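Accompanying notes for the structure given below.
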Amino acid sequence: MEPIEQQLTELRTTLRHHEYLYHVMDAPEIPDAEYDRLMRELRELEAQRPDLITPDSPTQRVGAAPLTAFNQIRHEVPMLSLDNVFDEESFLAFNKRVQDRLKSTENVIWCCELKLDGLAVSILYENGVLVSAATRGDGTTGEDITSNVRTIRAIPLKLHGDNIPARLEVRGEVFLPQAGFEKINEDARRTGGKVFANPRNAAAGSLRQLDPRITAKRPLTFFCYGVGILEGGELPDTHLGRLLQFKAWGLPVSDRVTLCDSPQAVLDFYRNVEKDRPTLGFDIDGVVIKVNSLALQEQLGFVARAPRWAVAFKFPAQEQMTFVRDVEFQVGRTGAITPVARLEPVQVAGVLVSNATLHNADEIERLGLRIGDKVVIRRAGDVIPQVVNVVLSERPEETRPIVFPTHCPVCGSDVERVEGEAVTRCTGGLICGAQRKESLKHFVSRRAMDVDGMGDKIIDQLVEREYVHTPADLFRLTAGKLTGLDRMGPKSAQNVVNALEKAKATTFARFLYALGIREVGEATAEGLAAYFGTLEALQAATIDELQKVPDVGIVVATHVFNFFAEESNRDVIVQLLAEGVHWPAPVVINVQEIDSPFAGKTVVLTGSLSQMSRDDAKARLVALGAKVAGSVSKKTDLVIAGEAAGSKLAKAQELGITVIDEAEMIRLLGA
């Protein structure tokens with residue numbers, strides 16, 4: 001066997017292995033960027049020796065074989081994938097190839113859209129009624145996922161409108177918004193269930209459940225982007241026209257679709273989407289660029305596995321491989337001990353990453369991680385980098401186990417793990433320097449007491465020099481004492497003292513949030529403040545009374561009750577009030593006297609609003625007698641769903657709670 005034949009055989013074997021892990025097992029071992037590199041290497045070798053191309057080469061087909069647990073559906077029109085480009089030069093070369101093949105000097109009109117990172121599916125409608133749905137599978141045969149697709153509320157079971165074809169197969173992507181993904185993993189960590197590496201794996205795992213009732217509980221959604229079968233009807237003769245027609249029939253289509261009349265316009269679209277990527281609310285890994293004219297698409301045709309008239313312009317990889325050099329343990333404000341992987345520095349999505357969170361001991365066990373392992377690191381948007389999985393096939397010989405501490409790495413106190421919780425905590429409380437620092441940083445933060453100019457480095461020095469032990473000590477600081485800190489001159493010191501004085505005037509809700517009670521976020525603090533009205537009433541509340549507050553269950557109620565039962569916490573509150581911390585007396589709202597559809601209702605906001613900020617919406621709802629909660633429960637009366645609403649919307653639908661959109665909210669606010 002020639003050396004090049006050996007290379008081809010090894011590359012094909014490696015790619016098939018990773019295709020199986022990705023498409024069939026939903027458990028990829030390497031990042032997409034590494035797979036793309038291997039595929040490019042195979043293509044280049046096959047281009048050198050086309051006589052060695054085999055029919056079963058990964059370059060000659062789309063994906064991997066379907067699972068046998070599902071019935072199979074044969075695609076009447078093959079579901080092809082797209083070729084990729086990774087930089088401007090490659091895209092411009094693709095643009096030139098298209099123009100050369102069309103023998104045209106005029107610019108091609110491109111239709112540009114998002115490259116969603118989910119699971120490709122085909123959905124067949126007959127006379128407007130959904131009759132079947134399938135995964136891509138190997139491009140020729142997919143898995144029958146009809147029962148599961150029917151549970152996705154974004155997908156209409158019946159199309160509406162005129163001139164619907166007798167048989168219409170639409171193609172698109174099923175995906176999981178980031179909020180839904182985080183909620184699924186949060187629940188899994190709490191219950192010991194399967195934790196997904198990323199939203200794409202979670203979407204695939206949710207869609208390919210044998211029990212559709214499980215799929216129905218997952219907040220999956222869908223965007224349509226193409227067509228397969230078309231019989232007994234007509235569609236517009238442009239790609240954008242078809243998308244608009246699909247939308248008119250009730251199929252969801254992304255609103256980020258743009259026509260570009262030049263290569264430069266395409267590059268501008270790419271850059272704008274890349275910039276907006278962290279705020280979309282769902283994962284994408286590039287943009288898709290298609291010739292808009294169907295006539296030109298037909299003229300350009302296909303190669304073995306992809307159309308010549310479209311390409312995926314991928315973003316820099318959000319996943320990379322590197323090595324874990326060590327694991328250190330950090331202590332948070334509630335005593336939670338978090339393992340952090342110290343990595344061989346690696347560029348991920350344009351950022352040099354040298355640390356990644358490992359969450360807790362259960363996560364380390366789930367990953368099977370050892371110090372010295374080669375791992376896949378993921379960084380998406382502003383999310384803290386995390387270890388996705390261990391590359392077991394490349395585990396070095398010299399690795400060592402990760403030993404979770406039995407004593408706090410900062411203060412030496414015992415650690416404990418409460419039964420049913422995933423988190424291990426230091427029991428030292430405020431004698432622990434780490435907990436003290438983090439508690440004080442939380443107390444002065446913008447959403448809490450909002451002490452302008454008091455950053456983390458100042459807090460670190462104040463604790464290390466023993467100037468401050470409790471939040472009340474902050475208000476006793478003088479400009480003279482602050483001037484002794486590093487990089488703190490007289491003017492800066494006086495500014496901090498002035499900011500502390502200004503921060504004394506706050507709100508009851510901000511004060512509660514600043515105290516750092518476990519499980520009490522901003523929304524819960526607002527709910528407690530609105531329900532009890534005064535600190536005295538809240539401190540006297542029983543666990544049963546606390547549970548009457550929207551968004552407060554037994555766990556939160558117990559944490560609040562225990563916080564106020566602790567004498568040292570009550571002492572700190574007394575000291576804070578003695579130092580002049582105050583807030584306005586509560587305004588008593590008699591909801592029975594308010595003529596508003598929101599009066600007396602428990603309302604939850606989810607998704608992003610376009611007409612007003614979330615804070616403005618909350619304020620207007622509260623002014624009209626509503627109680628605004630942070631999560632959906634049986635106590636919820638109404639959910640207001642903005643764009644990219646995730647798990648809260650899904651739970652509301654599951655519980656049969658009334659849901660309205662932003663436009664309806666604005667109409668009712670003015671009613």
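Every residue gets a Cβ built from N, Cα and C, even glycine.
In the record from Swiss-Prot, residues Asp32, Ala33, Glu34, Tyr35, Asp36, Ser81, Leu82, Glu113, Arg136, Glu173, Lys290 bind NAD(+); the candidate from Lys194, Lys247, Lys314 listed for the same site is Lys314. Here the candidates are the binding-site residues Asp32, Asp36, Leu82. The one whose C-alpha lies nearest to that of Cys408 (Zn(2+) binding site) is Asp32. In this structure, the binding-site residues Arg136, Lys290 were compared by how many other Cβ atoms lie within 10 Å of their Cβ, and the smallest count belongs to Lys290. Closest in space to Glu34 (NAD(+) binding site), of the recorded positions given as Lys115, Cys411, Cys426, Cys432, is Lys115, taking the CA atom of each residue. DSSP gives Leu82 (NAD(+) binding site) a coil state; it is part of no helix or strand.
Of all residue pairs in Asp32, Ala33, Glu34, Tyr35, Asp36, Ser81, Leu82, Glu113, Arg136, Glu173, Lys290, Lys314, the annotated binders of NAD(+), the farthest apart have Cα atoms separated by 25 Å. Taking the mean position of the Cβ atoms of Cys408, Cys411, Cys426, Cys432 as the Zn(2+) site, the remaining residues of that chain whose Cβ falls within 8 Å of it are Val331, Gly335, Pro409, Val410, Gly412, Ser413, Val415, Thr427, Gly428, Ile431, Gly433, Ala434, Gln435.
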